[in-house]
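**Q** My questions all concern the structure below.
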Amino acid sequence: MPVVLKSSPLLWTRLAALVFTCVAFSLGLHGAKLYLHTGDFCIFCWAFSFAGTLLVILVELFGLQTRAPVSWKNFPITFACYAALLCLSASIIFPIYFLRGSGEQSEVRDFRIVCTVFSCLATIAYISEVCLTKARPGEVAGYMATAPGLLKVLETFVACVIFVFISEPVLYDRHHSVKYCMSVYCICFILTAVIILLCIGECTGFLPFPFARFLSAYSLLAVVLYMSATIIWPIFNFDPHNGGQNQRPYNCSSAVGLCTWDKCMAVAVLTGVNFMLYLADLVYSTRLVFVSA
């Protein structure tokens with residue numbers, strides 16, 4: 001089996017991301033003395049990104065793109081975008097939980113500082129990979145390399161963060177309107193994830209209707225749903241007339257991590273963020289002319 005090794009900025013960017021994530025999770029496991037589920041999450045972010053990047057490099061190294069069970073026009077950039085978001089999350093969460101006010105010995109703290117630095121470097125490397133592989137104006141490319149495709153990756157990631165905040169403790173069982181918001185998050189997440197999987201699996205041609213029209217119709221539906229959730233969630237969580245609390249409780253200052261009120265506020269902000277992402281998705285989807293290679 002011939003080995004195809006072509007030096008390019010993209011290859012060096014992937015090798016850099018491979019090294020950075022390897023150093024981050026290796027040092028995290030070796031001497032950083034991580035604890036709680038937060039440490040496990042950061043290790044997962046770095047290890048998952050490392051494994052996926054290694055897979056992409058090996059497939060392209062041995063020229064196996066045509067034998068891969070996924071669309072190679074869509075998979076690498078989709079993975080790179082998720083890896084960038086995961087490493088960015090770890091770069092933010094890790095120092096908050098393991099560096100701020102850390103009373104550990106200097107050697108352990110040094111390990112944690114190095115982990116944070118390499119996590120930030122990995123984030124930069126993956127963002128650079130996305131910039132190098134995204135579609136240029138007039139270029140024939142896979143859907144996930146276009147602006148709407150990348151927006152869908154962001155939409156699913158933001159929805160996952162919302163699920164984390166809204167599920168522990170459960171924040172959506174107080175009122176039917178809040179349960180409606182939860183249904184909006186679930187419906188939009190599932191449909192967006194299905195679209196991504198259809199593109200990666202090159203199954204869009206099997207749909208009984210034009211894929212481009214479906215994307216535009218779904219983007220419009222998602223905008224309407226998220227707009228309603230952006231309005232309803234704050235009303236029933238922060239308006240005293242509807243059982244909410246408009247001021248941050250005093251006990252939140254002494255709570256470890258985020259208290260319930262903080263999580264409600266985070267969900268409200270992230271709902272607004274996803275609404276803006278879906279709105280931008282709608283604008284791009286109605287203007288995009290997708291040409292299949």
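Yeah, the Cβs are placed from backbone N, Cα and C, and that goes for glycine too.
Those TrEMBL annotations? Automatic predictions, nothing curated.
Reproduced below are the annotations present in TrEMBL:
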- 5-138: domain 'MARVEL' (DOMAIN)
- 12-29: transmembrane segment (TRANSMEM)
- 41-63: transmembrane segment (TRANSMEM)
- 75-99: transmembrane segment (TRANSMEM)
- 111-129: transmembrane segment (TRANSMEM)
- 143-290: domain 'MARVEL' (DOMAIN)
- 149-172: transmembrane segment (TRANSMEM)
- 184-209: transmembrane segment (TRANSMEM)
- 215-236: transmembrane segment (TRANSMEM)
**Q** Answer yes if the transmembrane segment (149-172) and the transmembrane segment (184-209) have at least three CB pairs under 8 Å among residue pairs 6 or more apart in sequence, and no otherwise.
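**A** Judged by the Cβ rule, the two regions touch, with the required three close pairs present.
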**Q** Please report, as numbers and ranges, the same-chain residues at least 6 past the borders of the transmembrane segment (111-129) whose CB is under 8 Å from any CB of it.
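**A** Tertiary neighbours of the transmembrane segment (111-129) are 10, 13-14, 16-17, 20-21, 23-24, 27-28, 30-33, 42, 45-46, 49, 77, 80-81, 83-84, 87-88, 90-91, 94-95, 98-99, 102, 104.
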